[in-house]
Every structure is written in structure tokens, then in C-alpha cells.
Amino acid sequence: MTAPPHLVVFTGSGISAESGIKTFRASDGLWEDHPVEEVATPAGWRRDPQRVLEFYNLRREQIRKAKPNAAHKALAALEKDGFRVSVVTQNIDDLHERAGSRDVLHLHGEILKARSTVDVRLRYPLPKGGIALGDICDKGSQLRPDVVWFGESVPLFEDACELVSQADFLLVVGTSLAVMPAASLLSYIDLDTPCALVDPDADALTPPGVLAINTTAGEGVPALVNQWRKQGNLMLP
Ligand code: APR
């Protein structure tokens, strides 16, 4: 038996835009009206943890209300059809999982989990509610959102590189490729592995050798996936 074609999908905030979640660079260095350095850096946390917790508590509520869109659903449908689909996402939302994708690596963490401030291995799901000052981990330390802030290391980066290096096709969706080290993932594909970027700004963002598909995730991803499902392989139409 031959192995099913392996699609690795690398997603950024653009794939969740049509689910009503704002992208980052759309707001000029502000994240939902907050300066990024105040709510998404270790220094911001030290300065005002209450503010940081409130910020993520609000975003968590927003994400719980959002629904997966056509792009998330198309990727899950491809997996259901027997393709191997690995998602590497920069997003902290759970829309890929809620659409049905089973192999999702969150490079920048998950907002629906809390984690210890003294031991990164201590993580706790947050099926409802948020994190308050005084909520502690099993070692007695304050809990924080399980997200990777600017200036912190990206613990799953090597796992993501390994996946990308195994891809039969790398599909990049809705990312400005501006944040390192995530953006450098593209350099880990084999030189003969095809790669495409679906983004309304793809022409301006696409590195050499990558196919630019200048459209939204909600249009571009289902169109590609439908073609692949018909063909039974990951060749470009
Ligand atoms: N479909 C696809 N792409 C879209 C859509 C859409 N409907 N709308 C916007 N985009 C694209 C934009 O053209 C842009 O290229 O989404 C991209 C969003 O880019 P950024 O805002 O820079 O987001 P991202 O690349 O995910 O940022 C990476 O930065 O702030 C950090 O940790 C945060 O994970 C995030 C990282």
C-alpha cells in the first residue's frame, strides 16, 4: 500500500479573518486596539498582568463565538477523504480543530489553555471562563495564557520544520510571513516540493519559487482542495 499524499498547511491569521477574527498587521501594530508590547510580551506581563489577563479573557470569548469558515472546513474535508493533512498554525484559536482537522501544531500556543508561569509543561484546558490573578498551577504559581509572546522562544519550531520537510506539498495561507522564526519555515521544504501561498496580498508577499494565489482563504483554499479531491493527488490544476 502506498502512503497517502501528505499536505502540510502553514496558516496565519488571514485564514481566520473570514470567521471574524482580526489579523495583526491590519491594525498598525495594535492588537484589537492594544499596543502589542503591552499585551503580548514578557515585559508587558511583568508590568501589568491584570491587563494582560483581561485582554486574553476578552479575546478568548470572541474566539469561542467564532465559527470555522470554508477554508478551515475544506482542509478537514481533504483529511476525511484520506489525504494526510498536517496543519502548522501561527493562530492561537481552535478553528482548525473545530472544523475537524486532527493534526494541528500551534506554533504560537493556544488561547484556550492556561499554563504555569514556572513550568511550561503544566498546561490546563480552559473549556469555559478565563484566567484571574490568583489562579495558580499545581506548583502554586500564577497561571498565564498558553501563548508564545514576542521575545519568547518557539518550542515547537523544530517539530514544525520536521513536518514541513516531509511535505509533498506546502500550502501557506493568510500570513504576511513577517514574524520569525515562523516565517523561515518555508526554507525547510525540499527544493523540489511545490509550495503555494493563498493570500489577497500574495503577489507582494510570495518568495521566489512559490506560487502566488492572490485571493482570500475562503475562496482559494476550497478551490484547490476540491481539485485535489477530484484528482486524488496534490498536483496543481
Ligand atoms: N484570506 C486570506 N488571507 C487574508 C485574508 C483572507 N480573507 N484577509 C487578510 N489576509 C492576509 C493579509 O493579506 C496578511 O498577509 O492575512 C495576512 C495576515 O498577516 P499578519 O496580520 O501579519 O498575521 P500573521 O502573518 O498570522 O502574523 C503572524 O504575528 O502578531 C504575531 O503571533 C502573532 O501569529 C501571529 C504572527
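Each residue, glycine too, has its Cβ placed from N, Cα and C.
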Ask   = To which of A132, A204, A212, A217 does TrEMBL also attribute binding of NAD(+) at the site defined by Q90, N91, I92, D93, G174, T175, S176?
value = A217
Query = Which of the binding-site residues Y56, R59, I92, D93 have a Cβ less than 6 Å from any atom of ligand 1?
reply = none
Task = In whole Å, note down how far the CA of H108 (active site, proton acceptor) lies from the CA of Q90 (NAD(+) binding site).
result = 5
Inquiry  = Restricting to the recorded positions Y56, R59, H108, which ones have a CA within 10 Å of the CA of A217 (NAD(+) binding site)?
reply    = none
Key: Neighbourhood of Y56 (substrate binding site) by C-beta distance under 8 A, where only residues 6 or more apart in the same chain count   = V39, I111, G130, I131, P145, V147
Packing count at R59 (substrate binding site) (other Cβ atoms within 10 Å of its Cβ) = 22
